[in-house]
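Enquirer: Taken from TrEMBL, the feature transmembrane segment applies to B:6-24, B:40-63, B:69-87, B:115-134, B:168-185, B:197-221, B:249-267, B:287-311, B:331-354, B:387-406, B:412-436, B:443-461. The coiled coil annotation in TrEMBL covers B:644-681. Annotation source TrEMBL lists domain 'Histidine kinase' at B:681-897.
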Amino acid sequence: MKEPQKSVFVARETYRQRRTMDAARLLPLFGILALLLPLFWSETVTAERGTSRGIVYLFSVWIVLILCAAYLSRRLRSVLRKDESDGDAGGGG
Amino acid sequence: MSFNLLVGVCLAYVAALFLVAFFAERRAQAGKIGWLRSPIVYTLSLSIYCTAWTFYGAVGYAARSGLEFLVIYLGPTLVMVGWWWIVRKLVRIGKTQRITSIADLISSRYGKSNLLGVIVTVLAVVGTTPYIALQLQSVTLSFAVFAGDWRASGRQASAWQPVDLNATALWIAAGLALFTVLFGTRNLDANERHHGVVSAIAVEAVVKLVALVGLGVFVVWGVASGPADILARIDASPIADWQPDASRWVSLTFLSAVAFLCLPRMFQVMVVENADERHVATASWAFPLYLFLMSLFVVPIAVVGLGMMPAGANPDLFVLTIPLATDQDGLAMLSFLGGFSSATSMVIVAAIALSTMVSNHIVMPLWLSFATKGATVSGDVRQVVLIARRCSIAAVLLLGYAYYRISGGGTALAAIGLISFAGVAQVLPAMIGGIFWRGATRIGAAAGLLTGFAVWGYTLFLPSFGGSFLLTEAVLEHGLFGIGWLRPQALFGIEGMDPVVHAVMWSMVLNTLAFCLGSLFSFPGPLERLQGAQFVNVYEFGASARGWRGGMAEAEDLLVMAQRILGADQAQALFQRAATGQGKSGYLPDPSPDFLEMLERELSGSVGAATAHAMIAQIVGGASVSVEDLMAVADEAAQIMEYSSRLEAQSAELGRTARQLQEANEKLTELSIQKDAFLSQISHELRTPMTSIRAFSEILRDGGPVPEEDVEKFAGIIHDEAVRLTRLLDDLLDLSVLENGQVILNEQAGNLNELLDHALAATHAARQERPMRIIRDEHAEDLLIYTDTDRLSQVFINLISNAQKYCDAEDPELRIQVRQRGPRVDIVFADNGSGIPEKSQTLIFEKFSRLSDQAAAGGAGLGLAICREIMANLGGEIIYLPGQGGAAFRVTLPLARPKAAAAQ
C-alpha cells in the first residue's frame, strides 16, 4: 500500500508561502527573546534612569513586533483563503 | 461637577449601549451583517481583555512598581503575534466542532466527558467571581471619587458611607444582569453570534481607548510640556529606577499570555464569536497595537499623578483624580466612562461565557438525568436551557457581588486580577495537550486540572483572604498540620519567593506533571481517540470521522428532540435538508451515521458537546462508537488507498501495453516497407529468369540457323533458370506448409555430431571459394537426439551457409558450441563478423526480410523464416543471440520431442 505522496519540491510561490508561515511561527520566539533582554542589563544601566530606558526599549520592540505581524498577516491572508477548501499547506517541506 | 450630572451621563451612556446592541441585533436579523462582522470589530471585541483592572489598575501598578505593569500586556501580545501556533488552531477547532465555551472544548476533546466540563466550569466560576467583584469594586470606587469632595478632605470616598457603595455595586450588578440577559440569551445556539453584545463591547473598546489616550495626551502635552519633559519627570520620580525581577517578569508574562488563552470571556470572543478565520490574521497585529496604545501613556500618567497628588492618594484612581485636580471635568467624565466601559464589557462577556458553561455542563446534565422519561418526551427544552442561562447570569453576578461584600474591597486591584489569572491558567495543560498531543487522555486531563486547581487554591486563592477563610493564620504560618513543607506560600521548603510566582510555578508544574503521567498511564476510550485525532489533526480532516452507528434510532424521535432544542422551524429545515441530501422527500432522513454526526454537532452548538452527545445516546441507545467502528473507519481509508494503488498499477500496465503496441506498430511498418522492397525484388528476380527463358525459348521456337552447341547452351540456361524459379517457389511452399503446421515430421534417432558433419559437408562447396575456419567441440557434440533429423540438418545448413555468405570479417571463422541443459540442448552458431544491427534483430526471422542485397544471390529472405518455423515444429526455438562479437544464433531443441508437441 502506498502513502499518498506529498510533493517534495514545490513551485516558487508555494515555497514563499511556506517560508512566510515559518516566519509567523518564529516571530513570537523572537519576541520572547527581545522581551527577556532587559533582565540581562547590568545594574549600572538600570539603576540610573532604568525606567525611561526601559520604556523606550520595550515600546520599540513592541512596535517592531506589530509591524512584523502586520506584514506577515497580509502575506498569510491568501493562504487562509485557500485553506477554506483544502487542508493545511503547512508542515514545512 | 455635580454627582447627579455624572449619574445622568452614565445612564445616558448605558442607554446608548442598549440602543447600539438593539440596532445591531435588528441589522443582523435583517441579514445585513456587513460591518458587524469586520476584522476591526473582532479586534475591538478582544479588548475586553483590558478590564477596569487594566484601565485603573495599570496606572496604580505602574505607580507602585514601575515598568512591571507591562507584562500584563506583553503576554497577550506574544500570543497574538504567534497566532499561527495556537489561536489559529483553536479557532479552526472551535468552528469545525461547534465549540461553545472553553469547558466545552475540554469536554469535547476528551471524549465529550461531562466530568471535565464540570471541573472546568467550576474552575472558571471560582476564578472569575473575584474578577467580577473587582469590576464592581472599581466602578463603585470611581463613583465614590466623584461623590466625595476629595479636594476638601484629601481622601476620596470620605463623604460616602459604605452602605451607599454597596448599594451602588448592587445596582450596577443588577443593570449588568439585565443587559446580559437581554442581549446575551437571545438565541440559544452559542455559535450563533451575539451581534448586539459584540457591537456594544466594540463601542466600549473605542471609548476606553479614547479615554486613556485622551488623558495621556492631556498629561504629556497639557500638564507636562512634551515627551522630553515626561522622560525627565520619569527620571526624577520615585519609579525612576527599574530593576526587573526576573522571576516575576517571566512568570507574569507567561501568566498573562496563558490567561489570554484560557479566560472564559477571552475564549468566548476569540473563538466562539469569531466569524471568519481571516479576522484572526488582522487581529494578530491590530490587537497588539491596541494594547500598545492602551499602555503607552500609563507611565506618564502614573508619574504625573505621583508628582501631583498627596502622598496618601490611591494610585489606582489617578486616571480620575488627575483630570479632576486640574479642573478638566469633561476629561474626567470621559475617563470615568472609559473605566465604566472596561468594567461592564468584561462583566457582560464573562457572564455570558459562564452562563453557557453552567447551563451546558451542570444544569442540562442534571435536568437530563432527572427527567427520567428521556429527551423524547414533549416539553420545551429550549425554555429550560434559556431559563438556566438567565439564572446562571444572575447567579454569577450575584456571586461577584457577594465576593465583593465579603472581601470588603480593600485589596489592591492588581492582586485579585493576578489570582484570578492564575486560577484559569490551570486549564492550559489540558487545552494545549489536547490540541497538540493525541496521547492526552481524559484521566490525565482530569488529574491535571484537579491538581492545578487544588494547588492554586491552597497556595494563592485561600491565602489571599489572609487567614479569614478556610485556611487559618496558623496554617499560613506553620503549614497544614504543622508540617513546614506544606506552608501554603513556601511549599516544599522553597522560601522567599513572591507568592504569585510561587503559586504559578508549583501549580503549573504539578498540573502538567499530573496531566502527563495520567495520560501516559491510562488508556483512552474509542470516542476519546476519535476526538483526539480530530482535534490534533484539525487541518487535515475536512469533515469528521464517524462517531455513530446508524440504523438504531427512529428519525421521528430525533426530530422531536431536535425540535425541542433548536425550535420547530429550524429543526424541520435541518431534517428536510438532510433528507434531500439523502435523496428522500419529506422531513425524515435515514438515521445514518453521517446524519447523526451532523445532528449532534448542530445540537452541541446549543447545549454543548457532552449534553448533545448524551441526548442522542439516549435515543440511539448505548455506546456511540466502538473500537470495531474505529477500525472500520480505518479500514475504509485503507481500502481507498488500496483502490488508488490498484488504479495506479492498472495505469502502469496500460502504459506498458501502449509501449508494446507502439513497438509492434513500428515493427509492422518496417515489415511492410521490407515487404514492398522484397516484392519489387522478387518480381525482379522472377522477371530476370523469365525474361531469359522467354528470349531463349523464342529463339528456339523461331528455328533458324542456330548452331547445335548453342541450342544445347540455350536449353541449359532455360533449365537452370527454371530450376531457380522452382527453388524459390519450393521455399515459399515449404514455409507455408510449415507455418500451417501441416508438415509431416519424420522422427528418428540421430547423433548431433553426425548431423553437424553432414551440414558442414553440404556447404563444403561454398567454402572452397571463400575459406572459413570452423571451430567445434566434437566431444560435446556427441549427443543422441530424437527428432526429424532432415529438417534439423536443413536449419544447420541454412545457418552455416548464412555465416558463409554474410560474415564480413577478413579472416572469417564460425564457432559451433553445443551445450546440454537438462532435457534440452543449445547449439550456438557464432561468427566473427560485424553481426546484425540492433534494429534489425527483431526482423531477421520474418519472411522476405533481407538486410542487404550484397552477396544475396540465391536467397529470397526466406531461410531464417523457414528455420524458425522448423524449430517451432520440432518443439524448440531459434533466436538471435546478441553480444557474441558477431552474428550468433542459438538453436534450442528438446533431446526427445514430447508427445504433446508431436500431436500438433
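Our numbering is plain: 1 for the first residue shown, then up by one each step along the chain.
From the backbone N, Cα and C atoms, a Cβ is placed for every residue, glycine too.
All TrEMBL annotations are machine predictions without curation.
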Enquirer: Which bits of the chain, at least 6 residues beyond where the transmembrane segment (B:197-221) starts or stops, bring a Cβ under 8 A of a Cβ in it?
Expert: 16-17, 20-21, 23-24, 36, 40-41, 44-45, 47-48, 50, 55, 179-180, 183-184, 227, 230, 269, 273, 290, 293-294, 296-298, 300-301, 304, 319, 322-323, 328, 331, 334-335, 337-339, 341-342, 344-345, 348-349, 352
Enquirer: So if I exclude everything within five residues of the ends of the transmembrane segment (B:412-436), which remaining residues of that chain have a CB under 8 angstroms from its CBs? That is, six or more out.
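Expert: Those are 51-53, 56-57, 60-61, 64, 69, 72, 86, 89-90, 93, 102, 105-106, 109-110, 116, 120, 123-124, 126-128, 130-131, 133-134, 137-138, 252, 255-256, 258-259, 261-264, 316, 444-445, 448-449, 452-453, 456, 460-461, 464, 500, 503-504, 507-508, 511-512, 515-516, 519, 532, 535-536, 538, in sequence order.
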Enquirer: Considering only Cβ pairs within less than 8 angstroms, which of the stretches B:6-24, B:40-63, B:115-134, B:331-354 has the most against the transmembrane segment (B:387-406)?
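Expert: Answer, by Cβ pair count: B:115-134.
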Enquirer: So which residues does the transmembrane segment (B:443-461) touch in its own chain, when a touch means Cβ under 8 Å and the partner is 6 or more beyond its ends?
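Expert: Non-local partners: 106, 109-110, 113, 115-116, 119-120, 123, 126, 419, 422-423, 426-427, 429-430, 433-434, 471, 488-489, 491, 499-500, 502-503, 506-508, 510-522.
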Enquirer: So if I exclude everything within five residues of the ends of the transmembrane segment (B:115-134), which remaining residues of that chain have a CB under 8 angstroms from its CBs? That is, six or more out.
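Expert: Long-range Cβ neighbours of the transmembrane segment (B:115-134): 51-53, 102-104, 106-107, 263-265, 346-347, 350-351, 353-354, 357-358, 360-362, 365, 396-397, 399-401, 403-404, 407, 409, 413, 416-417, 419-420, 423-424, 426-427, 430, 442, 445-446, 449-450, 453, 457, 461, 608, 610.
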Enquirer: So, does the transmembrane segment (B:69-87) come close enough to the transmembrane segment (B:287-311) to give 3+ Cβ pairs below 8 Å, pairs being at least 6 apart in sequence?
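Expert: Touching, yes - the transmembrane segment (B:287-311) and the transmembrane segment (B:69-87) meet the threshold of 3 or more Cβ pairs under 8 Å.
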Enquirer: Under an 8 Å Cβ to Cβ limit, what residues of the same chain, 6 or more beyond the ends of the transmembrane segment (B:69-87), are close to it?
Expert: 49, 54, 58, 61-62, 248-249, 252-261, 270, 280-281, 283-285, 287-288, 291-292, 294-295, 298, 414, 417, 432, 435
Enquirer: Near the transmembrane segment (B:249-267), which same-chain residues lie under 8 Å Cβ to Cβ, leaving out any that are not at least 6 residues past its ends?
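Expert: Long-range Cβ neighbours of the transmembrane segment (B:249-267): 46, 48-49, 68, 71-76, 78-80, 86-87, 90, 101-103, 105, 124, 128, 346, 349-350, 352-354, 357, 418, 420-422, 424-428, 431, 500-501, 504-505.
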Enquirer: Can you work out which residues elsewhere in the same chain, 6+ from the ends of the transmembrane segment (B:40-63), have a Cβ less than 8 Å from its Cβ atoms?
Expert: 69, 72-73, 76, 131, 134-135, 138-139, 141-142, 198-199, 201-202, 205-206, 208-209, 211-212, 239, 260, 263, 265-266, 269-270, 273-275, 279-280, 282-283, 286-287, 290-291, 294-295, 298-299, 301-303, 305-306, 314-320, 338-339, 342-343, 345-346, 349, 412-414, 416-417
Enquirer: Can you give me the average pLDDT across the domain 'Histidine kinase' (B:681-897), rounded to a whole number?
Expert: 82
